[in-house]
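The domain 'DUF112' annotation in TrEMBL covers C:18-436. What TrEMBL lists as transmembrane segment is C:20-47, C:59-80, C:107-133, C:145-161, C:167-186, C:198-219, C:255-276, C:325-346, C:352-375, C:387-405, C:411-441, C:462-484.
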Amino acid sequence: MDNKPDKLQVGERVFDWLLLLFSGAVFYHAYQITGFSSINSAGAFPIGLSLILIASSITILAGHRRKQKPDTQGALDELKAFLHQHFPLNVLVFSALAVAYLIAIEPASFFLSTFVFLVLAMLFLRRGKAIGSLLTAAGAIAVIYVLFTVVFRVYLP
Amino acid sequence: MLKPTLSSLAIAITSLSVAGSALADYPTRNIQGTIQWGAGGATDNVIRSLTPHVEEELGTTIVLTNRAGGTGVIGMNHVMNQRPDGYNLLFGAENPQLYPLMGLADFTYDDMHTVNIIGQGLVVIATHPDSPFEDFGELLEYAKENPGELRMGGTGAGGLPSTVLAMINAVDELDIRDVTFGGDGPGVTALLGEHIDFMPLSLSAVAEQIRGGRLKGLAVLSDQELEDLPGVPPITEALPDIDAFLPWGPFWGVFVHQDTPDDVKAVLEDAYYNAVASDEFQQFLDDFGGAPLNLSGDEAQEYLDNWQSVTAWSMYDAEAETIEVSPEELGIPRP
Amino acid sequence: MSDTFSYLLMAWLDPQLLALTALGTLAGIYVGAIPGLSVTMAVSILISFTFSWDINNALALMVGIYVGGVYGGSRTAILLNIPGSPAALTTAFDGYPLAQRGEAGRAIGLSTVMSVIGGFVGVAILAATAPMLSDLALRFAPRDYFLIAVLGLLLVSTLSGKSLARGIFAVALGGVIGLVGMDPVTAQGRFTMGSMNLLGGIHYVVVMIGLFGVAEAFYQLHHLNTIPVKQKVDKIVPSFNMVTKYLPLSLRTSVIGVIVGALPGTGGDIASLFAYDHAKRTVKNPSRPFGEGAYEGLVAPETANNAAVGGAYVPMLTLGMPGDAVTAVIIGALVIHGLNPGPMLMVETPHIFWFTVGNLALANIFLLVFGLTGIKLFSKIVELPKAVLIPLILVLCVVGTYSINSNMTEVYWMLGFGILGYFLKVFGFQMGPIILGVILGPLLDETYRQAMSSVGDNLGEFLLALVANPLSLVLTSVITLVLLGNTPAKRLLMERLSRR
């Protein structure tokens with residue numbers, strides 16, 4: 001992590017506000033379990049946890065005041081910088097491939113979808129080198145088959 | 001011996017009629033078995049010692065997974081949500097028969113197909129050796145003078161201790177502090193360390209501890225003394241009225257999705273019948289402190305219905321806190 | 001006495017038992033190294049597999065897998081920052097930075113030797129004090145387990161890096177994740193939002209694989225073109241000086257490991273967390289700062305989790321009570337083989353006890369052999385180009401997650417935790433405290449309620465019990481001392497004093 005301690009990162013304020021919002025939601029759900037009925041109930045500990053979440057996220061937000069704001073002008077600019085920093089092409093394409101892979105596992109069988117995913121992901125990330133990618137993917141599949149299916153008898157779809 | 005012959009006949013017929021289809025050669029791959037309770041518990045031990053015999057019968061491997069939690073709802077729900085192809089079996093104890101009554105879930109074993117009711121266990125009410133109580137009557141008397149003081153080990157709503165407590169409360173009065181543990185194992189450990197005062201447990205979980213003198217049996221849930229456990233009085237000595245609910249005990253069974261093809265059901269029933277009947281398993285069950293049942297089909301259904309009605313009504317009459325609806329509303333007839 | 005010796009050496013002298021122990025240890029290393037394959041799972045499979053075998057053969061294989069598996073988790077933790085098992089979580093904190101410095105080989109070598117030392121201490125304590133230790137373990141009441149969990153929570157200050165508030169948030173978040181599912185007491189759903197799928201809870205290995213493996217993969221995607229660090233593969237076996245230098249620490253953390261392992265309900269995962277914390281508190285001048293590749297940060301958890309194996313056998317062999325999930329399954333194996341695990345096991349069948357002791361020692365020797373071979377090949381994994389490694393890591397995470405419960409929903413959860421983990425990491429949160437919360441949250445909830453029920457829901461009596469019993473008093477005092485010494489309270493006190 002190369003973040004400097006005295007400077008807020010792009011998107012940090014929004015993220016930390018989201019955490020507070022999340023903590024509030026956790027409190028709501030914790031309260032739904034048994035309410036404040038007893039100190040020894042299914043909901044007692046969850047409510048305690050949610051209060052800790054709320055308190056610590058407020059502390060985190062309070063800590064922002066001591067830090068410098070990021071060098072962006074306005075919300076739109078910050079959003080752009082955030083997207084640029086965390087969602088470069090590599091990440092976007094890889095994530096899309098990963099999600100497609102997960103969706104394909106059950107209908108298209110584990111080994112086929114894994115092979116296709118590995119080949120496509122490696123082809124993309126290495127910008128070519130088809131033969132190497134095919135061989136590596138085939139090797140990986142073979143190892144997984146032997147270890148999981150043959151030796152440990154794990155059921156794969 | 002009519003049953004297995006009939007089922008093998010059924011297999012022969014069905015395999016003829018669906019010749020060529022993949023189902024005819026069930027099983028073609030490993031079977032996933034889900035155990036409703038944790039590793040090392042009574043259900044787990046019974047199933048793990050039965051499984052090798054079944055594997056031999058079926059010629060495949062059964063991969064066993066423990067999915068404990070939520071009084072077994074989690075494991076059962078998992079199996080009910082799998083494909084009904086016979087490759088997912090549920091190994092469970094008695095608890096699902098009470099789910100609707102306790103508002104835990106809206107399903108029971110009636111929503112699955114019963115492959116086999118393997119056997120039934122016996123219940124012992126145990127305490128630590130330093131306990132001032134020599135039998136259950138003394139404990140009951142003390143509890144009446146000091147209500148809400150004794151600590152009973154439990155395993156959660158709908159677990160065996162809570163059911164036994166309900167039965168006792170249906171005919172008498174026992175007001176205690178319920179300390180919940182993750183299963184028999186942690187409960188026995190707490191009892192050994194004297195952190196709780198007593199706990200109703202399945203005989204298999206404590207027989208060794210009682211014989212070894214690390215625990216003391218206060219009563220067996222039966223109307224006569226057990227051969228295997230001399231010196232532990234039957235509960236009817238202290239509570240004659242509880243006789244109405246006896247014989248009662250936890251049971252273990254094998255279940256499969258209701259929509260499983262009939263020929264697959266038949267293969268499974270046949271395999272389990274033979275496996276449970278095998279001498280080695282019968283010997284194990286005997287050592288383990290369980291009584292064999294080996295029921296399937298209508299007999300199994302009758303057993304399940306009877307168990308449900310006895311237990312549900314005793315809990316209802318005891319006004320157990322965990323009961324959410326009357327058995328009447330659920331269509332459970334009075335025994 | 002001569003009987004004892006012959007039982008002890010049984011596994012050493014019989015070629016078949018020797019081979020089975022070796023095979024088990026080797027297989028265990030790989031089971032442990034692959035996230036999702038657990039020792040509990042492997043031993044359960046073996047029960048049916050070894051059903052018709054002689055009991056000693058079956059036990060030899062199981063002991064080997066157990067010892068190898070506990071160690072194996074460190075491999076992937078060091079090489080890929082994915083702990084192969086929860087007990088290797090803390091190994092990743094300093095092991096992975098070491099691999100990034102090109103010292104993967106040396107880290108694995110050191111962790112092997114230290115695991116073996118821990119293993120031997122565990123066996124020695126098991127052999128010498130089993131009955132005593134098991135009596136001690138039984139004294140731990142629910143309230144004491146509660147105090148242990150609280151003590152574990154204080155580790156958050158050790159694990160949370162620069163921002164304590166973020167660490168506390170992360171622990172509580174982990175706790176919430178750990179509580180998802182059905183309440184074990186009343187069977188109500190908690191945080192399930194009405195979903196049947198969530199009633200079973202979220203398996204902590206799913207969380208761990210997502211937060212560590214996938215989050216790391218996403219993070220590495222940003223640095224695709226950095227050339228992998230060339231691994232030094234010369235000094236793999238740690239020098240004698242190095243071993244003696246860390247020996248005092250490793251002996252202390254071994255004892256922590258044995259005790260935590262012997263308590264039914266806590267195992268290698270919690271033992272290694274305590275050991276790491278102990279190292280961080282007591283070692284004043286580590287070889288490098290903790291978290292950046294300190295050898296001490298590797299030594300402590302590795303000795304503790306292997307020592308916990310010996311500990312876990314204590315209640316199992318003396319009382320028939322499992323010390324952890326693996327020994328619970330081994331108890332099942334004994335039952336199936338017609339033995340009666342219980343307090344009489346040591347009286348009626350003492351050979352099982354001594355055979356296990358001898359076998360554990362043997363497995364540790366094989367661990368040394370197999371652990372130190374093949375390291376060169378293993379550490380080359382880190383030298384793979386990122387573009388090849390990252391897709392492979394994702395596939396490994398998917399297989400690992402799927403094999404836990406054969407549940408696709410959990411695989412999506414795993415990916416979700418990966419994305420969450422990436423952003424938490426970007427904004428200065430550490431992963432360690434989250435896993436700490438996932439492990440300790442349910443334990444805290446369960447033990448708190450057991451302790452409360454035991455005193456009839458009386459808060460005053462509950463608090464009194466925490467100081468009125470010797471064992472609880474010790475734990476409470478330790479917690480108080482740690483709290484005073486490691487929280488802002490101390491700093492505030494110091495500041496106030498210096499201002500005057």
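Using the three backbone atoms N, Cα and C, a Cβ is placed for every residue, glycine included.
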Per the 3+ Cβ pairs under 8 Å rule, pairs at least 6 apart in sequence, do the transmembrane segment (C:255-276) and the transmembrane segment (C:352-375) touch?
no
The recorded stretch from C:107-133, C:145-161, C:167-186, C:325-346, C:411-441 sharing the largest number of CB pairs under 8 A with the transmembrane segment (C:198-219) is C:411-441
Can you check how the pLDDT averages out over the domain 'DUF112' (C:18-436)?
85
Given the transmembrane segment (C:462-484), its same-chain partners at Cβ distance under 8 Å and 6+ residues beyond its ends are 139-141, 143-144, 147-148, 150-151, 154, 451-452, 455, 490
